[in-house]
Structure formats: C-alpha cells, structure tokens
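Q: Submitted below is the structure of interest, expressed as structure tokens.
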Amino acid sequence: MGAAGGRRGFYVGLALALASSAFIGASFVLKKKGLLRLARRGRARPGQGGHAYLREWLWWAGLLCMGVGEAANFAAYVFAPATLVTPLGALSVLVSAVLSSTFLSEQLNVHGKIGCMLSILGSTVMVIHAPQEEEVSSLDSMAEKLKDPGFIVFAVCVLVSSLLLIFVAGPRYGRSNVLVYVLVCSAIGSLSVSCVKGLGIALKELFAGKPVLKEPLGWVLLLCLVICISIQINYLNKALDIFNTSVVTPVYYVLFTTAVMTCSAILFKEWQHMVLDNVVGTISGFLTIVCGIFLLHAFRDVSFAPDLLPLFLQPSRADLYAAWRSADRHRSCQHRPLLPSEDKGTEEDEEEEDV
C-alpha cells in the first residue's frame, strides 16, 4: 500500500511539474503578446517607465498563468523528488520557444528545433530513471533530516562560498565573469528548494488538522525561503543586467539544477538505493537537456543558410556534385600522370638535350 501510494504521489508530482512548465512557458508568450499590442497602439512601454500594461488583459492572463505555474511547481516538490522536478523546468523554455514561433512569428531555427527535441528526449530519460527519495511525511522527520551532518556541512559550504562570491569575487570579477553572480543564485537556490519542500510538508499537515502553526520549524523555513528568494532575485537581476540573456539562462539552468540535485541527494538520500543503470540514465538525461538548452539559446540569432550545408546536401549543387563524383569514379588511378604536364614536358626537353 505504501509503495503504491508513493508511486501515485510520484505521478502526481510529475503531472504537476509538466503542468507548471506549460503554464510558465505560456505566460511569457501572453505577456509578450500584450506588450506588443500596447506598442502598436503607441502606448508607453515598460522600458520607458510606462504602466499601460496594467490595463491589458493579455498581460494579466500571462501573470495568472505564471502564478498557476509557480503554484503547481511548489506542489510538485511535495509529491516528487527535486531531482526530477527541477530539471523538468527546462520544458518551460521549450514551450515558450515553440509558442513564440507560432503566435509571435519568432523564427525557430534548426538549432532551436534540435534543442527542443533533445530537451524532450532528456526529460523522458530522466522520468524513466528518476530516483525515489526517502519518505518525509512530517515536520519532525524533516527536522531530523536537517540535523544530518552531511546536510549541515553542505549548507555551511554553500553559505561560506556565497559570502566569498558576494564580498570578495563580486567586486573584482562580477562584471567580467558570468559565473560569479550566477553561482550565488544557484547555490542559494538549492537551499530555497529544501525550504519549499519543508513548507509543502507543513501545508499537508495543516490541511490534515495538525497544529503546525505552533511549530517553530515551519516559520523558520518560511523566513529562510524569503531570504533565499530575495538573494536569488537580486543577483540574478545583476547577472541579466550585465550579461546577455542567452548566456545567463543556460548557465543558470545548469548550475541551479546541479546544485539542487546535489542538495536533494544529500538531504533526502535520493541516490542511496539507486542501481547503476538508473544513476547513468538520470545523469545522461540531465546532460541531454543541458545540450538542448544550450542549442536553443546559444544559436538563437544565428541564421542557418543552405550554403552552410555540405556540398552533397545543397539543392542547387547536388547535381554538380553527383556529376563530379561520377566522373571521378570512372577515372582510373592507373591513367593519371604521376607528375604535372609541365614537369613532364620539362623532363622530355632535358633528355633531348643530353642526346
């Protein structure tokens, strides 16, 4: 019964994670559509300090989709392991790219299409090989896991490294190296996911009628979550302000997901009982998603012309290439001169002079 219930919860979490990606991906398109409508009407844009978007129903629809998607993502962490939920967030980028090419007339080049297929393939592999976390059904069991020496060492390392990045590396390299601020967001983000997991458990107990509001751990987790999210937003905005979005987005996804998977493995022991093929499958699926996101973002503005294809794949030159290959195939190597005709003529002249 327990295994069946755990499996059912896993599928609920998977469905919530997929729904979250769909809603969040659609929200970007709806907001962009609303802003384009305002631009066509000649209204002041947000970048110019205007707030006319507050009267645009498409923008509000996008905001509502974003809220629903974030709520579904929050709930997904309660039912499914973070190692599965966090990487599936990449599908929101895929949904946004596909819908943008359909409704916003934004061109999705061949690199983007390959990236979309790789993201779907990697997500499928991760779902098949997803780890099962240890059951955490109450705040008391969550408190026991937070006292684990391995997690305490991890949390201390995260906090110390974040402070060094903020106060030592930030002033020196923050404006020249994209990793500085993105590493801060990713490291702190791993702790915020743990707080979300704990708050989800607290909400489940609250709906079950337990006196959760009297438990200090729930309030501590809420305070830590607010602090972590504030730090994430602050330094992510700094990174986006300094560097190109097409660079920040894939780097942030890779580092954030890696940090969350590491934290979840330490805190919830997700990898402890996994067999080798599931470990390899999970890592392979994640790396496949990383490749897909990289292709989708890194080559977004690169035009793929037919001239870039190999000669035999270019439609205009396919016949010429075939004729050349045919002529080259029928010419025997035995009938080819070993030396160019000029050199051969020179040798014959030298022989006549010697005679």
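Including glycine, each Cβ sits where the backbone N, Cα and C put it.
Whatever TrEMBL says is automated annotation, not expert-curated.
So TrEMBL says this about it:
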- 12-30: transmembrane segment (TRANSMEM)
- 57-79: transmembrane segment (TRANSMEM)
- 85-105: transmembrane segment (TRANSMEM)
- 112-131: transmembrane segment (TRANSMEM)
- 151-171: transmembrane segment (TRANSMEM)
- 178-202: transmembrane segment (TRANSMEM)
- 217-235: transmembrane segment (TRANSMEM)
- 247-267: transmembrane segment (TRANSMEM)
- 279-299: transmembrane segment (TRANSMEM)
- 335-355: region 'Disordered' (REGION)
- 345-355: compositional bias 'Acidic residues' (COMPBIAS)
Q: For the transmembrane segment (85-105), which partner among 12-30, 57-79, 112-131, 178-202, 279-299 gives the most CB pairs under 8 Å?
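A: Answer, by Cβ pair count: 12-30.
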Q: Is it true that the transmembrane segment (279-299) and the transmembrane segment (151-171) have 3 or more CB pairs under 8 Å, sequence gap of 6 or more?
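A: The transmembrane segment (151-171) and the transmembrane segment (279-299): touching, no.
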